[in-house]
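Before any comments, here is the structure.
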Amino acid sequence: MKDVREEYHADGLIEATLHDDPLEQARRWVDEAIEAELPLPNAITLATVSANGQPSSRVVLLKGIENQGFTFFTHYDSRKGEEIAANPKVSFTMFWQPFDRQMIVIGEAQKVDQEESDSYFASRPYASQVSAAISPQSRPASREWLEAEVSRLEQEFPSAPVPRPEQWGGYRIIPTEIQFWHGRPSRLHDRFRYVKQGDGCWQRERLAP
């Protein structure tokens, strides 16, 4: 692996083109990735930390960027859910390789209200509703048991909507720091950090690559 290298050829990131609001800048980058039909343009690598300080990470899908923060949905009883309950400080990274772009978000995760979770769950495909309802996420389970539970719930609810399980819902990550990275030749990458100030405004600065 030591000989695997990627040279970047993009023009980089011009500070004057950055929005003063990093959440709006994040929307721009995600929208551009979606419009370019990149694979999984809304995928984030979410890092959480357990009560004893052990970090873990996994890929989840971002489902919204609002004025307050970034929203995703999951099982509250999963490992990430339990770790967020113990320590709501989280971080995630988004990487769009064809664009030589990376975004890092640091903040705290808060549960969204039940109405928002209900609304999104109802919008999911029927099969996704069923699998979410039966899955004891992050717990040991055999394939046979999972398939039997799917069959049982499909008989109980042969069509959508399936009731949203209480242990499934959304989180909104309220950011305190957002970084935007853009690859450039010779590893002289562009990197800008926004830090939220006490008055709610954002301060932007360039970081060395």
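The backbone N, Cα and C atoms fix where each Cβ goes, glycine too.
So that you can see what the record holds, here are the features copied from Swiss-Prot:
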BINDING   R5, E6, E7, Y8, K63, Y120, R124, S128, R187, L188, H189  substrate binding site
BINDING   58-63, 73-74, 79-80, Q102, 137-138, W181, R191  FMN binding site
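A straight line from the CA of L62 (FMN binding site) to the CA of H189 (substrate binding site) spans 26 Å. Secondary structure from DSSP puts H189 (substrate binding site) in coil. For the substrate site, whose annotated binding residues are R5, E6, E7, Y8, K63, Y120, R124, S128, R187, L188, H189, the maximal Cα to Cα separation is 43 Å.
The two recorded residues, R79 (FMN binding site) and E7 (substrate binding site), have Cα atoms 37 Å apart. Take the Cα of R191 (FMN binding site) and measure to each of the binding-site residues R5, E7, K63, R124: the nearest one is E7. Between the binding-site residues Q102, S138, the minimum number of other C-beta atoms within 10 Å of a residue's C-beta occurs at S138.
Among the listed binding-site residues, namely R58, R187, R191, the Cβ with the most fellow Cβ atoms inside 10 Å is that of R191. The binding-site residues under consideration are V60, L62. Their Cβ neighbour counts within 10 Å are lowest for V60. Note: the Cα of K63 (substrate binding site) and the Cα of F73 (FMN binding site) are spaced 8 Å from each other. The shortest Cα-Cα distance from R187 (substrate binding site) to any of the binding-site residues (R58, V60, F73, Q102) is found for Q102.
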